[in-house]
Amino acid sequence: MFKGSIVALITPMNEEGEICHSSLKKLIDYHVLNKTKAIVSIGTTGESATLSQEEHIEVVMLTLKLANKRIPIIAGTGANATTEAISLTKRFEKSGIEACLTVTPYYNKPTQEGLYQHFKAISENTKLPQILYNVPSRTGCDLLPSTVARLSEFKNIIGIKEATGDLSRIHKIKKLVKDDFLLISGDDPTALDFIQLGGQGVISVTANIAAKEMTQMCSYALEGNFKSARSINERLMLLHESLFIEPNPIPIKWLAKKIGLIKSDTLRLPMTPILNSTRTQIEKALQYANLQKI
């Protein structure tokens, strides 16, 4: 269902911290033009943790409206309370989204059985396709391959965004799940290797400002043309790494503003503006990447 470069879209805001509709439209048009395979609306990069539930729903619905069926939309619907995750997921059932991205519950650190029961409950309360999202560096809990395998038995749990950066995970998961279970990287620096090991694509932060390059890289890799894919990835590697010097999405929002994709790099507290030292490193990485002009 989902293969190639999928963007983890930033949520543009004006200087007052309100959602910027015009910048969101520009971002969506940019990804349609450059053949990004899908948009994730309101994931980690979209600042889900600092939006109210009403804003969360508003942004997803606005993204759907502005995309106008030109590109598939995946909605982030995870929460650390199972009832809240179910409620949010059900709000989108008739919206037109293609799937939900459901992060592991953060802060409360459930056991593997707790994680299984959490995702099982969501699956049983909706018909929407679910993509599991494992990012222990953010959430404080790790969805292990054995638990992923148990969850893969549910028909509407169709895959996982695996963002540990641990390439051994793909081998472990692949051995335990059916061939049609989607394995999607959530880590730009290791995404190409992830695809080469059998993954179907990446949900990418870098794609916010390098949509064409990420689409080309993933397409080459999925075709088995790893020489061409690596040529692109080598240009992007410094950029991949520099975008995580500070917590995501601080660097990517600043860079998106710098190249003219959004009007403001406003973030909500506790996220704070980018440091000057980080700007310098990103500017060097941007120059090395030699991206297509916007």
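Cβ coordinates are placed from backbone N, Cα and C, and glycine is handled just like the others.
Listed in Swiss-Prot for this protein:
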SITE      T44  site 'Part of a proton relay during catalysis'
BINDING   T45, I203  pyruvate binding site
SITE      Y107  site 'Part of a proton relay during catalysis'
ACT_SITE  Y133  active site, proton donor/acceptor
ACT_SITE  K161  active site, schiff-base intermediate with substrate
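This view paints the features noted in Swiss-Prot onto the structure.
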| residue | record | DSSP class |
| --- | --- | --- |
| T44 | site 'Part of a proton relay during catalysis' | coil |
| Y107 | site 'Part of a proton relay during catalysis' | coil |
| Y133 | active site, proton donor/acceptor | strand |
| K161 | active site, schiff-base intermediate with substrate | strand |
| I203 | pyruvate binding site | strand |
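Fewest Cβ neighbours within 10 Å among the recorded positions Y107, Y133: this applies to Y107. A Cα-Cα distance of 15 Å separates Y107 (site 'Part of a proton relay during catalysis') from the residue listed as 'active site, proton donor/acceptor'. For K161 (active site, schiff-base intermediate with substrate), the same-chain residues that are 6 or more apart in sequence and have a Cβ closer than 8 Å to its Cβ are L101, I131, L132, Y133, N134, V135, I184, S185, G186, I203. Within 10 Å of the Cβ of T45 (pyruvate binding site) there are 23 other Cβ atoms, across all protein chains.
T44 (site 'Part of a proton relay during catalysis') counts 25 other C-beta atoms within 10 Å of its own C-beta, drawing on all protein chains shown.
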